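Peer 1: The domain 'Major facilitator superfamily (MFS) profile' annotation in TrEMBL covers 291-736. What TrEMBL lists as transmembrane segment is 359-378, 384-403, 415-435, 447-468, 541-562, 574-600, 609-629, 641-668, 714-732.
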Amino acid sequence: MAPAICAISQPSGLAAKGSHTTLKEDQYGHYFPLSPDALKLESNFGPMVSEQIGYLQPTTVDTPIEVMQERFLRDGYLFVKGLLPRNEVLECREAYFQHMAPSALLYPGTKPVDGIYCGADSRKYLPPGNLRRLFGLQGDAESDKYVELMISAHESDFYLKLCNIPELREFVRKFTGWPKETMLQRTMLRAFTPDSELTPVHFDQMYLRAGPPTSLTAWVPIGDISLEGGGLMYLDRSSDIGQRTEEQFARNASNLTDEERVSAFNKNMNDGGFLSRDTVKYGKESQRKWLITEYEAGDVIFHNPFMVHASCKNMDPDNRIRLATDLRFVDSDKPYDKAGAFAGALIAMWLANRIGRRWSLIFSSVVVIIGVALQAGASGYIEALLVAGISIGIASTVCPLYISENAPRGIRGLLTGLYQLTLVSGLTIAFWVNYASERRLTGKKQFIIPLALQAVPGVILFVGMLLADESPRYLAQQDPAAALQVLAKLRGLPVTHEYVVEEMANITFQLEEEREIFATSSRFTILKEAFCIKSYRRRSILCITLMMWSNLTGTNSMTYYSPSIFASIGLSGASVGLFATGIYGIVKVICCTVFIIFVVDSLGRRRSLLWTGIAQGTTLFYVGFYIRFNPPTEGQSLTASAYIALVAIYIFAGVYQFGWGPVVWSYCAEIPSARLRPLNMGMATASQWLFNFVVAKATPSMLATLGSNGYGTFFVYGCFCFTMVIYTWFFVPETKGLSLEFMDELFERDTVRGKFIPSRVFHATDMVSKGLDDKAKRSVDHIETVAPYR
């Protein structure tokens with residue numbers, strides 16, 4: 001628990017006006033009235049007794065952020081005194097009541113800023129929506145005018161100015177580490193008159209089920225609110241109630257159709273959508289206190305989406321109207337990150353051809369370091385994620401391209417597969433960094449250190465590429481002599497060696513053929529050519545679809561939401577989930593290493609994709625059947641079938657590294673022609689990030705709606721796995737052992753029933769004879785004869 005930081009006998013900033021009690025601090029750090037009977041605290045169904053009343057613990061603005069975060073996690077709320085400029089809040093209050101003047105809401109002759117009620121029937125001034133329906137309220141001219149003005153106030157300049165007070169946005173950014181502009185459009189500005197029906201018992205997530213439970217609500221009193229004035233009150237440490245209620249809702253709705261689920265939700269909302277209207281009864285049943293306080297203009301109270309809250313009737317002794325607003329903030333980092341990576345993949349196509357592969361990677365490494373620095377410094381978080389995401393998109397496009405263009409064909413699959421190994425290794429390191437941070441660090445350090453460590457790979461890439469040479473295939477388009485020197489250096493042979501001469505001749509011949517094809521084409525028509533020329537069209541479509549299928553295996557859903565997925569099979573607790581996720585990463589690294597060292601260039605690309613797709617689909621179907629028919633029971637130890645499900649998830653992760661992880665990157669890097677390789681790799685990487693984004697956004701909803709504990713999610717991804725096996729069988733030819741220059745002939749061949757027919761054996765001498773004179777042909781002693789997989 002966070003240490004007590006308000007070592008005073010009375011909460012800071014409590015106004016004397018309207019206060020009828022003195023306060024004391026109890027052993028829990030909360031404040032309770034000494035004379036609660038003097039308070040006029042009225043619930044919707046009667047008075048509240050002293051045994052049900054506690055006091056919200058205030059926090060001063062100069063409290064360290066780490067302490068505030070600990071208090072928020074412990075209590076479910078954070079009551080910050082004097083966070084906003086008092087005069088600006090009161091200006092909004094005055095402007096609001098001036099705006100509402102045509103509704104005759106205020107007592108004649110009083111100042112608008114005081115908000116003194118006119119004394120009419122309070123039911124006429126209920127907010128629009130459920131409460132008016134509950135009372136069967138019939139509209140009249142005054143009431144209708146009030147509703148009209150109340151709604152239009154949300155678009156007024158004075159209210160928008162309050163929503164954008166810099167002090168509030170800056171605090172949310174520092175407190176959460178989220179972007180500074182993440183406020184939802186769903187705001188509420190409400191004025192409750194004395195003796196009116198007020199806020200029923202509820203928690204926010206029950207109204208926000210379309211989104212994930214990650215919102216932060218800021219409740220801002222617009223003016224002073226006395227103890228009896230009907231300010232917001234919270235059920236002590238009640239986040240667990242909200243969480244259990246949402247879990248029960250998800251279970252009850254798991255077997256409903258989409259239409260039935262929407263109908264049930266709408267019926268619940270039309271009935272009020274709350275937990276109870278009787279705050280006294282609900283407090284007794286939950287055996288918890290209602291925490292109250294006296295608010296001043298400038299105070300803000302934050303709460304999580306599961307925290308149960310309500311209010312009493314407004315019994316203010318001065319007849320003041322209670323005016324307040326709800327502002328909700330959300331974290332939107334992942335979608336922005338993926339959008340940046342998608343944009344970066346598209347930029348990479350142009351950049352790799354414009355400045356070369358090497359300088360593109362140097363550029364991306366510098367950009368990612370800048371993006372990480374901005375993230376760690378929390379200076380414009382959305383912008384930082386976009387910057388880092390763009391650099392990742394560039395690097396993830398150009399890295400496989402650079403590797404494939406430098407690698408000898410005999411080990412090209414091995415070297416390109418190393419790219420996938422670095423990806424899974426990085427993810428595994430990130431898993432364990434998160435686990436260690438959760439166990440060992442507190443406060444800001446828990447997120448600043450993991451964010452800062454992202455810069456390490458960027459620094460390594462920057463230094464490494466400064467020492468590396470440009471790709472020989474790129475150089476061959478600019479400076480053939482330099483390309484020959486680099487190629488000889490890469491192969492460790494003299495420039496006159498037969499092997500180097502042969503490889504350089506093949507590169508030169510392919511480039512000359514492509515120059516003839518594209519002699520009349522501008523760079524803006526290359527994209528059209530990629531889909532109009534038969535051989536290029538096949539390769540372009542394969543680059544896009546293979547990356548699509550790679551994501552639709554569901555592997556990224558496992559990576560991003562592994563703690564939740566492990567919880568669905570019975571592994572509960574943050575540390576346990578993170579530990580299991582770390583083991584998941586280790587399995588991926590080991591399997592990827594075994595594959596690229598012992599398997600990739602012996603088993604072949606096509607065969608790897610076929611058998612791993614079948615294995616992944618089988619494991620996912622087992623996990624789905626387990627959760628559907630033998631779900632885990634909370635509080636009980638894991639059963640044998642649960643352990644098998646856990647092993648199945650690890651098998652899924654391992655098998656992915658034998659096929660749809662590294663193979664698709666190798667395949668997409670090696671099948672394009674040299675001229676279109678940057679374009680095709682850009683398409684492939686853009687497809688990869690696009691469907692990465694789709695899976696990341698879809699999985700939480702799938703887990704929440706497709707059956708109990710989301711068992712249907714595993715069936716969906718399992719079906720995708722079996723579908724991509726069929727796709728591979730008919731449309732993906734083998735490329736094992738073929739040089740990059742032989743891809744044109746492979747993809748120019750006819751198909752029957754969608755299946756490539758390897759009608760004859762390819763001989764490396766066919767292409768050698770086209771690129772070398774007779775003397776050079778006689779000197780070639782490295783000839784490969786390769787038959788594509790049948």
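The backbone N, Cα and C atoms fix where each Cβ goes, glycine too.
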Peer 1: Report, as numbers and ranges, every residue of the chain located at least six residues beyond the transmembrane segment (541-562) whose Cβ falls under 8 Å of a Cβ in that stretch; write 'none' if there are none.
Peer 2: 334, 427, 577, 580-581, 584, 613, 616, 620, 649, 652-653, 656, 660-661, 664, 667-668, 671-672, 680-681, 683-685, 687-688, 691-692, 694-696, 699-700, 702-703, 713-714, 716-718, 720-721, 724, 727, 731-732
Peer 1: For the transmembrane segment (359-378), could you work out the same-chain residues 6 or more beyond its ends whose Cβ comes under 8 Å from its Cβ atoms?
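Peer 2: Apart from its flanks, the transmembrane segment (359-378) reaches 173-174, 177, 344, 348, 351-352, 384-392, 394-395, 398-399, 402, 448, 451-452, 454-455, 457-459, 461-462, 465-466.
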Peer 1: By Cβ distance under 8 Å, which residues at least 6 away from the ends of the transmembrane segment (609-629) in the same chain are close to it?
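Peer 2: Contacts with the transmembrane segment (609-629): 553-554, 568-569, 641-642, 644-645, 648-649, 651-652, 655-656, 658-660, 663-664, 707-715, 717-722, 724-725, 728-729, 732.
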Peer 1: Averaged over the domain 'Major facilitator superfamily (MFS) profile' (291-736), what pLDDT does the predicted model reach?
Peer 2: 79
Peer 1: Grab the same-chain neighbours of the transmembrane segment (714-732) for me: Cβ-Cβ under 8 Å, and only residues 6 or more beyond its ends, written as numbers and ranges.
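Peer 2: Here the qualifying positions are 542, 545-546, 549, 552-554, 557, 605-606, 609-610, 613-614, 616-618, 620-621, 623-624, 627, 660, 667, 702, 706, 753-756.
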